[in-house]
Amino acid sequence: MYFFTISRLTSFISYGILGALGILTFLYLYDAYLAKSFQRLVIERRSKRESLSKNLSPNDNSHNSKIDISSDYQLLNEYKVAYYLRPGIIPLNHNLAKQEVFVFLHGLGGQMSQFQKVMSYFPPTACLFSFDYWGCGLSRQAFPNQRIGSVDQLTTKGLSKLTYKVLEKLFPENTQFILIGHSMGATIASRVSKMLQTRCTALLLLNPKIRFTSKEISMIVRLRKTPNAFISLYRLLDRFHGLRSSSVTRSLSKNIKGDGDAVRAQLWLWNRQSNTKIWKTMLMGLEELLEPGFHFPKCPILILFGEFDPVSSLKDKVFFQDYPGNYTFKEIDTGHCSMLEQPSEVYNCIDSFLDKFSTTDHNI
């Protein structure tokens, strides 16, 4: 009887393991199927937009420049990162004029390609720069075997130091910078602005994370104790819902203007590319924008909120009263990824903001 029971239990466990493996295999196969389908959708819609754009007025500033980050990126082997650089009208080695560079910094789980639509609204005279942090986007693709020496390198402070080193490496000493950061990238931009001092002429913060709620802090504590494999499985299950997965819906508003399905599909693909280990390590070292003792630079600061953003809102501007700065607050009807939903509106906000405060030509 004893051996019979053990035999049945062993069989039950074996069938359970086989069943679990079967389900997991199905999930991965379906995930790959969705990825191919969404990639095809994104390409088809992009081709359609490019075809229609040929009939638009040449005076439409939204089509002054065509940008393809995935094809035109370069590698900085010293720091093992991929970057995109469009020099603009003034060569970067020009010593007779101060070069002004727009620097785009992506957020947690993001990549520089998320700025492509916004960048396309900038005229050819503007110098544009962005790069993917270690283990993100094209940097991960170009350096797949890179090992991070210390988790401190992936904290907000570590990524800020990396950003500063990359800028110092690629640009001359007289270069001036306009920093544009999204979400976590907004916090990094604010830290880098302090390192650049007077060389940072403007700071533009898109959907910044101002403060952590007690619920968010509890979630981070739980994730710290959760094995990466379980987090990856949760992400896989979430992606099973396709365009309605929570990782997509929490980042975008319900009523996206334009081709909403293409935007959702592209965001789903970017989320899939995000490495769980890198994402978790960055999250564990994530700082709030308004850290105690932090002081913003004296340059003009634009803080752009999304009306339907669950991460931050215009109401959060009350937190800035204890942090002196030359602020301009703006809200548009988007979710957390404002530059994906309404790139033209984000560009217009940047353009009008710089026109208001600038005494020089920003080439925008």
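Each Cβ is built from the backbone N, Cα and C atoms, and glycine gets one as well.
Feature list (source: Swiss-Prot):
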type     : residues : note
ACT_SITE : S183     : active site, charge relay system
ACT_SITE : H336     : active site, charge relay system
CARBOHYD : N326     : N-linked glycosylation site
TOPO_DOM : 1-8      : topological domain 'Cytoplasmic'
TOPO_DOM : 30-364   : topological domain 'Lumenal'
TRANSMEM : 9-29     : transmembrane segment
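Features as recorded by Swiss-Prot, highlighted on the structure.
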residue : record                           : DSSP class
S183    : active site, charge relay system : coil
N326    : N-linked glycosylation site      : strand
H336    : active site, charge relay system : coil
Looking at the recorded positions S183, N326, which sits with the largest number of other Cβ atoms within 10 Å of its Cβ?
-> S183
Rounding to whole Å, the Cα atoms of the residue listed as 'N-linked glycosylation site' and S183 (active site, charge relay system) are apart by 20
If you average pLDDT over the topological domain 'Lumenal' (30-364), what do you get?
-> 90
Just how many other Cβ atoms lie inside 10 Å of the Cβ on H336 (active site, charge relay system)?
-> 23
Given H336 (active site, charge relay system) and S183 (active site, charge relay system), what distance in Å do their CA atoms have, once rounded to a whole number?
-> 8
